[in-house]
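Read the structure below first, then the notes.
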C-alpha cells in the first residue's frame, strides 16, 4: 500500500512541556525537521543538557545541546570525507540520498551523534543490529540499497561474512564501501581544539524524504527495513507533549537501550522536542556491556528520574529488596519491547514502584500514553495516547485487534489495511479491556502468534515450526516462551514414536533423534529464537494436540493445556544447565579449564581460544545464560560451594575461558566469598576496604635519625638493582635493608644480588657494601618471615620503605595478587609501628598499567583515580588497590606515602632490556620479517637507571602521587630510524608491518613451533600490537603515545626530582638503541 503524505504544519500539541526550565526553549515543532531542531537548540537552548554520564571520578559529566551539535557537525564532515565529498559542500542528491549503514557496538552518545551526523551530511542513516546473522545483514543491505557501511571493530567479522555472501550473489547491487566507526573522542573534542571550526553546509531536507531507516526485530525469516521520513520523525518527537508529565530537565536512564534499536532514535527525538536529558554509560571503546547490576547502579549514580529498560532487567531487580526500595523513590520505571510477568509487576507496585508500560512498534510508533501522571495499581493496563487514532476490531475468536489509523498526528510508516476508508496498520496485537476502568487496555496475545520474550526480542514461530515439522518423527510442533528469557518448543511425535515423556531415558533418545532438524531450524532462526536441547518439551499421549478443521494446531488451547509443563521446564532450566557435559573429576586449575572450555565450545558450537573474549566471538545473552546454568549445575552437583551468593553477571565479569575457569575453580575450592561475583571495580574497592581498616596507632617514642635507613624490597630486579646502587652511593643513607623472597634454587641471596647488579652493568661488589643488609623474607607474612630480632631492628631504624617487589603477570586475576596486597598492608603496619616522630614514608612502585580504561581527553594528572579506570588485568588492578590503600592509610593515620606510577622502562646504562617484553619481541620479529614498523607519534620510555634516580629523589618529597615517564618524549620515528640504521633493515608503515606479521602468523599455523617463536616472538603479541597502536587520525592521538599508553602530567615529579627536571637529561636516541641491540646480541636474543 502506498504511503500517506504528512501535512505541514503539524497540529500544535498541548502545552505540557518546558514549563519551568531556565535553559530549555521549546522548539517550533510544526514544520522544522529534527536536524533543524538540533541547530535551533544550539542557538536557543545552548546550555541545556542533552546527555549525561558518570565521570571516572564519580562526578556527573553533562553534554549540552551546543556541544553536541558541534560534535554532530564533526561527524557530518567526517562522513562526507569518507564518501569522497568536500566537507563544506552540500552533496548532489538528485539521484536520491545514499543510505549509510551503521554496524557498530558504540556507546549511546557516540552512536546517536553519529546517526545525526549522517543526516547532516545529507545521507540516510540505517542502524543495523549486530545481533543479526550475516545472512540477515546481506538481506538488509540489498533491501535498503546500502551504499556505504560504517563498521566498528567488534562487528568486522560479521560484515566480512556478509560481504562474502554478497560477492557470491549475482543479484546483489554493487559492494558497499566501508569506513571505521568513530569513537567518542573523535567527535567530542576540547574547547581549544574546537575553536575556529565551521559548521557543515547543510541543506534543509524535504519533509517527505527519508530521515532514517529502522529495521524490524528479525523475528521472521529476515528483518524488514522500515523508512521514517523527516515528517514521520517529527510526529514521533511530539509524543511527550501528549503525555501527562513535564519531562523537561528530567533525566531518563537509557543504559539498557542499544541505540540501533527503534527506541534509541525515539528517545533522541523526545529529547529534542521536550528537553528530556538522556543518561548513559561513560563513552569508551569498547562500549560498556549492559548488565543487571551496572545498569541499575549507573542509573542511580547519574541521578536518573526514570529508568528505561527491558522487562528481564526489571524482573531481576524485583528479587532484590534493596533495589525495589530504591526504585520506589524514582519517578518510575519504564519498560517496553515485551511483557513483564504479572507476579513481578504486582510485587513492585505493592512496594510503591511506579511502572510505565510502553507499547508501540516501529511501523506504528508509540501508542500508549507515556509517563502517566497517576500511580497505576493496574500496571498491566494502559490508555492509548491522544496522539494516536485507533480502532479495536474483533477477530473470529471475538478478541480485539488494535488497528492504527492514519492521521496528521500519527501516520504509520507501513500500511497493511483500510478501516472505514482510512489507510491503517493492523498491529496483530490482541487486547482485552479493563473490566471496570473504561479506556484501559491490556495485551492478550497476537493474531500471528508472535512470541514476545522478556528481553524485548520477538520470535515468530511459524517459519521455524514449519522446518521442524518436516522431520519424519514430528507430527506437529509449537514454540513457546512469551514473557520468558528464551524460546522452547513443544513437539507432538508421530504415532509410531509416541512415548511417555516422564521416561527420562526415552525423552533423551527422542531429543537426540530430532536434534538434526532442530539444528536446521536454529540455523534459520535469529539468535534469540534458537532452541536448546533441554528446551524441547514432548507431548504426552494423555494430552494430545487438538487441531482445527483446517488441520492446524489450536495454538492457544494447546499452550494453555501444557502450561504446567512449560512452567516446569523453565524452572528446571533456571536451576540447571546442559546436562550432557560431565562435571570435572576435580576442580583444580587444569581440569576446571578443560570443563569450561568444553562448556563454551558446546554452547557456542565453535572453538574459542582460552584467552579470547567469547562475547567478541558472538556469544549472546542466551548462550551466556546456558554457560552460567551449566556451570552452576555442576558446582551444585559436585561441590559444597554456595552458588546462591554468586552474581548473575559472573559470566560477563569473566568473559574468557581462562578467566572464567580461574573464577570457577576458586569458587569450587572455597577460596571465594560472596563478593567474588561482583563486577571487578567492586572487587577492587572491596579489597581496598578489607585492607584499609584497623590500622595500628602510631606511638612515637624516639627522636628522628639524622640519616636515612631504607627498607628496599625487590632489590634483585632491574629497577631494584639500580635503586640499590644509588642508595649505596648516597651520603644521606646510612643503611639499606635489601629485602627479597627466598629463591627456589639454593643460590644464596648475596650471589643473586651480585648477579643482578652485574647483568645491569653495575658494580657487583656493591652487594657486599657495609651499608647493605641482605634479607630473605616474605612480606605476605605478618612477621615478614624473618626473626623477631631482625624485625625489631628494622622497625626501630628505618626512615623509608621502598616497596618495589611485585610479580609481573598479566594473566593473573586480582585475587591472585591478594598476597601482595596483604604484604603491602604489612609494610604499612610496620611503618606505623615505628617509634620515630614521623612514620617511615612508604614509596610504592605502582604502574601506568592502571590506566587501561581511561578516556584520553587530557594528560593523566597526578591525582587519585576511580577503580573503573584501572579495570583491566589483575596486575593493573592490584597496583590500583595498592595505591588506594596507601591513600586511605594516609587519611586515617600519620602515614606519609608516595605512589609512583612507573611507565615503560627501557634498558639502563648497559642497555639491558628484558627480552620477553613487547619492544624487544617486536624488533626481533622485524629482523625475521626484514622490515621495521614506522609511524608518527611519541614514546615516553624511560631508562631504568633514570627511573631509579627519580625514585631516590622522591624519598625527600611530600607528594603522594608521582607519574614517572620520560619528561622529554622521543618520536617513534627517530627510535626506529636508529634501529633501521643499526640493523640495516628498511622501515615500512606500521600497518604494512602489521600485515607482514599477520601473514607470518597464518603461515606458522595455529600452533607455531618453538623455533618459529624464537625467531618471530612477536607472534605471541600480534593482537596487542594491533590493538595498542594509535593512528595519528585517532582521537586518542593527542593524549596517547604511539602504542596507546596515555600521556602524563608530571608536575609533582618534576618538582620533586632534580634528575627529571635536569634540562640536560637526554632524549632516547641512537646511542640507546645501540646499547639495547648490543645487549640483545650478547644474551643471544638477536643473531650476532
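Using N, Cα and C of the backbone, Cβ positions are placed for all residues, glycine too.
Feature annotation from Swiss-Prot assigns region 'Disordered' to 1-22. Here the region 'Disordered' (1-22) has long-range neighbours at 29-31, 48, 207-208, 229, 231-232, 234-235, 238, 240-249, 273-275, 386, 406, 408-409, 411, 413, 415-416, 423, meaning same-chain residues at least 6 beyond its ends whose C-beta is under 8 angstroms from one of its own.
Taken together, the residues in the region 'Adenylation (A) domain' (38-451) have a mean pLDDT of 89 on the 0 to 100 scale. The feature region 'Adenylation (A) domain' is assigned by Swiss-Prot to 38-451.
As a summary of secondary structure, the domain 'Carrier' (586-668) carries 53 helix, 0 strand, 30 coil according to DSSP. Annotation comment: Swiss-Prot describes 586-668 as domain 'Carrier', evidence class sequence analysis.
Residues or ranges marked as O-(pantetheine 4'-phosphoryl)serine by Swiss-Prot on the basis of sequence analysis: 621.
Sequence annotations record features per position, and here Swiss-Prot assigns region 'Reductase (R) domain' to 712-951 based on sequence analysis.
Marked as NADP(+) binding site by Swiss-Prot on the basis of similarity to another entry: 716, 717, 718, 719, 804, 805, 806, 875, 879. Taking all protein chains in view, 22 other C-beta atoms sit within 10 angstroms of the C-beta of residue 804 (NADP(+) binding site).
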_For residue 716 (NADP(+) binding site): intrachain residues, at least 6 apart, with Cβ closer than 8 Å_ = 740, 749, 752, 753, 755, 756
*asked:* For a quick check of packing: other C-beta atoms within 10 Å of the C-beta of residue 879 (NADP(+) binding site), how many?
replied: 26
*C-beta crowding around residue 806 (NADP(+) binding site), within 10 angstroms*: 22
*Where the record says 716, 717, 718, 719, 804, 805, 806, 875, 879 bind NADP(+), what is the longest distance in Å from one Cα to another among those residues?*
20
_In the chain carrying residue 718 (NADP(+) binding site), residues 6 or more apart in sequence that have Cβ under 8 angstroms from it_ = 760, 905, 908, 912, 914, 944
*Per DSSP, what is the residue count of the region 'Disordered' (1-22) in each of helix, strand and coil?*
0 helix, 0 strand, 22 coil
